[in-house]
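According to TrEMBL, the features are:
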- 1-125: domain 'Tubulin/FtsZ GTPase' (DOMAIN)
- 129-266: domain 'Tubulin/FtsZ 2-layer sandwich' (DOMAIN)
- 308-329: region 'Disordered' (REGION)
- 312-329: compositional bias 'Acidic residues' (COMPBIAS)
């Protein structure tokens, strides 16, 4: 589904046309022009019925429907802030890929002098999981609003040098937690992990994986909240990616992701105070109050992450005691 017809035309004339049936696509006649209001209120609203019809037919053909994976490219502070409100309310899991972090990986890790959009898009197609969406939701959604996850692929620098570089399993495990490999511009050392999951691919024993994960947790216990027990999961798939002997995909629910939200919120506020480009949105039917509400919701999300970062097991126990005392009274 795309409001821009050119995207569908390129798919139909490209090498991947055989993967998409003509009846499973829906597109508009003009793009949203990087305007969130157009996609949400005008151009997108006109397509909603046909899109839901396609989704319904596809869902009916499924034997075991887990959920819906939606890839949404949101740029600019206005669009990002307006989208976060919808993602908090309507999404169950959000894997955050931040252009700032992706460019940093291209420059520093992959040594690319002029990274292109193709370079950035390649990262989004690298992650492979052999655990389903429902399992991830159960493991990660301990707190409903905080479902924005950081992703890391520590083996990226080996993709073009797999014959000359040997990455040992302990090193792979250590790099998995390194902020340099995170695809979101936030440093996990500035926050605490609520939950985390690691998917390893290659010939390795489950015992070795468990030992390494426990070792990492013991050495870095201050980076994990103590009031969520057994909050790090691991999965092993015997088949490695093509060209590599082993690889891993890391997904973490860290309170440090608030750094990214703070950055976007500051950019949003700077633009909104000057009412920069606001007429493009109000011209599509939006009201200024929606911007104010979106800004407030973003700040609430940041505050919620900070609250859970500062929380301790003793505080939770005291809160439970207070609730119990109130019920008894």
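Using N, Cα and C of the backbone, Cβ positions are placed for all residues, glycine too.
Any TrEMBL annotation is an automated prediction that lacks curation.
Using DSSP to sort the residues of the domain 'Tubulin/FtsZ GTPase' (1-125) gives these counts of helix, strand and coil: 71 helix, 5 strand, 49 coil. Within the model, the domain 'Tubulin/FtsZ 2-layer sandwich' (129-266) carries an average pLDDT of 84. Summarised by DSSP class, the composition of the domain 'Tubulin/FtsZ 2-layer sandwich' (129-266) is 54 helix, 32 strand, 52 coil.
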